[in-house]
């Protein structure tokens, strides 16, 4: 395509910004040096002809898998060639190579190798690690089954120890026990770490991990006793061979059980693991990645929708004047700016969890695990809260782009289908919310029995002080200043306290009525989820507000403060009922909040494009015709469409096959 | 045999499923006709959708053309005609997976906008498929705002022709269905110029492909716009016109004509035409919006009684996921909404039939109200149902994400309905404009149309409910909805006036109030939907348990709306905090009640397994076996070239040779 200059609308938008986008980019990256390094790695990938290919939208699933595996192979080689070893730098490199999409070696690199490192004995590491590092062994992590996901204890695959041969016999006893979904399992891997119920000496010892070879080295054919394949087309994840695995009396040597913690001795004696708290750590880590991913995916969608809304002109605002940019419509701002604010909020939350995790991991190695249960409970809820919000937000961005958002060329459909499974994997969101709720209820019970609680739930301590007074918590008066983020944090805190208390009381009432604890819990679960959501919402507003004080540049701080206020006030506006019902805000204040939200929309409008520029997505990574940095949308949509597979021939073959014969007959 | 987990759900139905199906169809005879059509279509292998999820865009397109052609034959064979009772069921039976839908729009636009002479010339040709038509309105740069279209048609008196041009890239026609590959003709909407003067948007019949070899006509550039989220079977197209000449007779001229000397003549009233466009919005609700939601509910609810996860009681079997309150809270409100909007659709259809009769008598009084209702409900129903399908999708966990569940394609299809035939936000603002106008009129004591008379009766009372059972009284919740709708409309009207009085220009004031206006329009439609549902329930037969279960669904629909928007009802103190707790309690109680009939309620929608095309949702509930069998048919399970080309060198550690 011809070299085109930047669209005049976008040029004007950028010139009018009140702050320097690079400074904000540095904050998002964690410092100017991190930004520099990220861009360096980006350039390494984007300038490499090996990583170029046709637009994936025009390829079949098989072709997309093929491209992905080609790039993955090269990626592994080049990472070593360039000596990139820092986990975050590897993440950048991988994400530029695959443009934010999953790839067939994800499970090998992200689960198989790390599991070997953490759960294999030194002898097992000698046997498996180097071949796996050199990709002679490609592995996956086979946990989920057709009939069971989040509820691990329900998994049905069995591994029965046979002392006479010193082997485990692996079986998929039912259709529902077939391993289903693991990435890279269908076509790529020749090994899998399989989670199965261990039976030894006639007893079930619960879930354990086993290294299972599944394909013949050399021919890549499935081994006898192994049935393996691809689970078929999905909403997204076209480049990933999510697979199934069925095992029939498949034998592996005793030494293939991962035995760093639990062990089965040659005679079949089972030796229990010391502690299982460590597995918490991995879960916290992966869920913190999802929070970061929520932020990034939503940021990409916002970048596309906001740039396009600055380029697209439609209808009239003032009679007789030219058509305005659609970003000038209040309804469009109301759709997009709260999402922009949300994307920033989630960035800061993601960074906070990552830092906290690293800090606590340091503590773990020195044996201090006191903060882990809270962090575990918090990340479960935040994973659910952010992924739900981002999921819906991406769709709103797409809708805000009208008809063109529906075309694959907008890039938003792809962001959506790639992101949406994170509401399910690594713990289904509703189940995650209920885990957080369990922690909240536990903390509340501690407080009511006179104990103090610490950390993010410490606001529950106030409830016990309140309790001394006869008044209902709802009758409490809070002076909320709607222009002050710190004051809004207090409002969110009160809401969380009120909803936790209300859920706890409802739970107690159910317990008084019914015998079963589980039944009472189930009958309160809608309330419990609401309480968890309110808690997470409070944490996010609090963290966003805290971030403002760290920003040194006044212009950047001013615009981030607007976004923080918008995030907090929009949340109040959307959940007005909670604040009204608890008496935290009056109807008159809610009206003011609604009004202030609209004023903030107008205040943010001049900086909207600069605020998405600060996310600093390269066009190649963004993968969107609508969201191009230069804003030359229409010309490039036409160029893109010409490459559609239906346009390969001028006259489609179906004309000769169907249309012509019909016309001849009629 | 049926999976016992699903079978047992059917044993305890509190009502007659067959009677409810008949009620939805509009009588047992209609059910019989519908089933006969479905049976005829589904037993014909040409219409099979069996391997649809594995097909490429090119294969899907070819199949759709093949089906469209075969349908002509089938209709002839079965003796179905376009005005026969079977016709309306054909599209549903095909699940919309057929080409040439725009051909029908092409014909309709000629019938509505063409002169008698034009109708006589073109309709027979189109009926016999001597040509294939499309409808080219939307451009790259312009959609809903028609006045902004940029394509031009300049009248040349010397040759008695119009010269059509695409003056710039954003003026290229973009999106019209059947135009990318199939159509030979299309109706092009263009700005008409005569002697240098612009007369606005007019329709022109333009031939774009040769009738002999299907090659593009001179001056025409056309093709497919590329992959979309769905509609792989439709060749949505682009069209670029360069000095394309069409004879003067090709401008559709029922309402406006260009005389040979270039004189422009307007004739007749366009109001009927305007009415036709409005009806399109209503006509899509049933097949394009309600059907996907009903299918999604069927799949998700059946799957939720087959899927078991975790234990509710220690020592017992793992529980069906539908027994979890959180799962009920996701799915059952969607089911209630499907029924609610089904009845809303009946109400709108009836209203439009009445409107049509009035218009035939040259009485156009109902038009503004019909326009407002069709705009508002198109937006509210498409938005609500789209969100509902997505909730169903996510409620099925990982397996919902597989295309084989059928849910992703239902979702990507229904969400297009939020955009076509008018972008939803713009439509809601049109409804809002009507509401504000009627509110002002009502305040001034002038008469207003029936659907908005409630705006005049502003009451400042409080919700009278005393306990949670009171919230199961339709009069109580209808009044709450009415109160909210009135409050939002009157507050916005006041705000608008304040702004204007303080010197803000009218259009600026309007833009500053649009967020509120949208909320008012939604509240108005929601109120009517609740009221209509309650009134429908009143009239239902009490026999066979139908009325009772529909009353439960009506209550759930109403209370879910309050529960998910508590702020609107608490604002100004109409509902108290204590009353809101009663709403929540009643709402949650209802979930457990409706839970028992959930499967029979989706069975009543009467979708065949073939039409659901879902491994999770089939009638017999053999979810896992089916999922496994279907996956094995996936083309990805044939050996992929990726192994020899990339995996082998990778595994043999010979990467450097790549």
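From the backbone N, Cα and C atoms, a Cβ is placed for every residue, glycine too.
Listed in TrEMBL:
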type     : residues     : note
DOMAIN   : A:21-138     : domain 'Acyl-coenzyme A oxidase N-terminal'
DOMAIN   : A:141-249    : domain 'Acyl-CoA oxidase/dehydrogenase middle'
BINDING  : A:144, A:183 : FAD binding site
DOMAIN   : A:280-441    : domain 'Acyl-CoA oxidase C-alpha1'
ACT_SITE : A:426        : active site, proton acceptor
DOMAIN   : A:484-662    : domain 'Acyl-CoA oxidase C-terminal'
Query = Can you give the mean pLDDT for the domain 'Acyl-CoA oxidase/dehydrogenase middle' (A:141-249), rounded to a whole number?
reply = 95
Remark   = Within 10 angstroms of the C-beta of residue A:183 (FAD binding site), the count of other C-beta atoms across all shown chains comes to 25
Key: Helix-strand-coil residue split for the domain 'Acyl-coenzyme A oxidase N-terminal' (A:21-138), DSSP-based   = 89 helix, 0 strand, 29 coil
Request  = Mind checking which of A:144, A:426 has the fewest other CB atoms within 10 A of its CB? They're the recorded positions.
outcome  = A:426
Query = Taking just the CA atoms, what is the gap between residue A:183 (FAD binding site) and residue A:426 (active site, proton acceptor) in Å?
reply = 13
Ask   = How many whole Å apart are the CA atoms of residue A:144 (FAD binding site) and residue A:426 (active site, proton acceptor)?
value = 10
